[in-house]
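Here's what TrEMBL has on this protein:
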BINDING   His66, Asp104, His313, Glu317  divalent metal cation binding site
Amino acid sequence: MNLRDIVSALNDFASPSLAESWDNVGLLVEPSPPHTVNTLFLTNDLTEEVMEEAVQKETDLILSYHPPIFTPLKRVTWKTWKERLVVQALEHRIGIYSPHTAYDAIPHGVNNWLAKGLGACTSVPLHPSTAPSYPAEGTHRVEFCTDNTEHLDMVLSKIKDIQEISCLTTVPARVEGEEQTRVSLNCSQKALLEVVALLSQNSLLYHKTEILLLQKPLLPHTGMGRLCTLSEPASLSDIIERIKSHLKLPHIRLAMGTGKTLESPVKKAALCAGSGSSVLKGMEADLYLTGEMSHHDILDAVANGISVILCEHSNTERGFLSELRDMLAIHLQNKINIIVSEKDRDPLQVA
């Protein structure tokens, strides 16, 4: 398969629009076309050791869950390890694609895989995703009517100079028995301020203006984090053993909620793969499960009687790659070879 077809299929598997606004997802490094992909290489983190493995295995495209390019690069030299990754990728004609938080959001993604470690449960996103472009572009719709054609032409001319305006239409309308023109447009929050400032220069026009908030529907089972309700309550000690087994870890870190013991029942667990402080904060649950949290957010949870299990950042994500390999094999109709890195590992260990 050629690279662009693969990227299109990967974007279809998990739309980059589902990623968080701060994230850097999609195709990050592209060799000059045409570029055929016979081997897709999956890793959680693209380190230099992992890149060496990818080169040895004659990889054509690396899917790195974490984006190796996050902050902008000012140059591409041999000086820093992330720059060297880009150099090596291009020299060996290897593309790099990163899905990151798009895979956190999808129903068949990282967080749902992590939830399997709790045992039988139902789950819903903690922060549901909204449809990216429905019902239309923009956040607001502005509508107004006027019978002054000359003034309308001037207003429309100025509106067209405002950025982030879309779906601008004019249609004939009869208002209180008079022939008028109805204007409708969609705009962003920022553009709305400029449109309102323009229309407010004419009090008659301003008083005939309607502003509607365009609500985007929530996408079912899609979003950041998960609130999991166990089918049967389990003791905290049982949950710990289940998680260690699921993640194949000899140990985890535990902060016991105030008034709780290892025998305290867990009915609801809020989880977030990776770094969960911002996603989990303020959620009501018996347990928080994530890779890492800030010290003060742990203290807040514990004070509220919520126990916290930390497994280190990438340990809550890496195990998903095996499931991802199988899902992508079906999604890509077994047209390419898909392998999972053997060198990828969490940088932290117990000394």
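Each residue, glycine too, has its Cβ placed from N, Cα and C.
Positions of TrEMBL features highlighted on the structure.
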residue	record	CB count, 10 Å
His66	divalent metal cation binding site	17
Asp104	divalent metal cation binding site	29
His313	divalent metal cation binding site	21
Glu317	divalent metal cation binding site	25
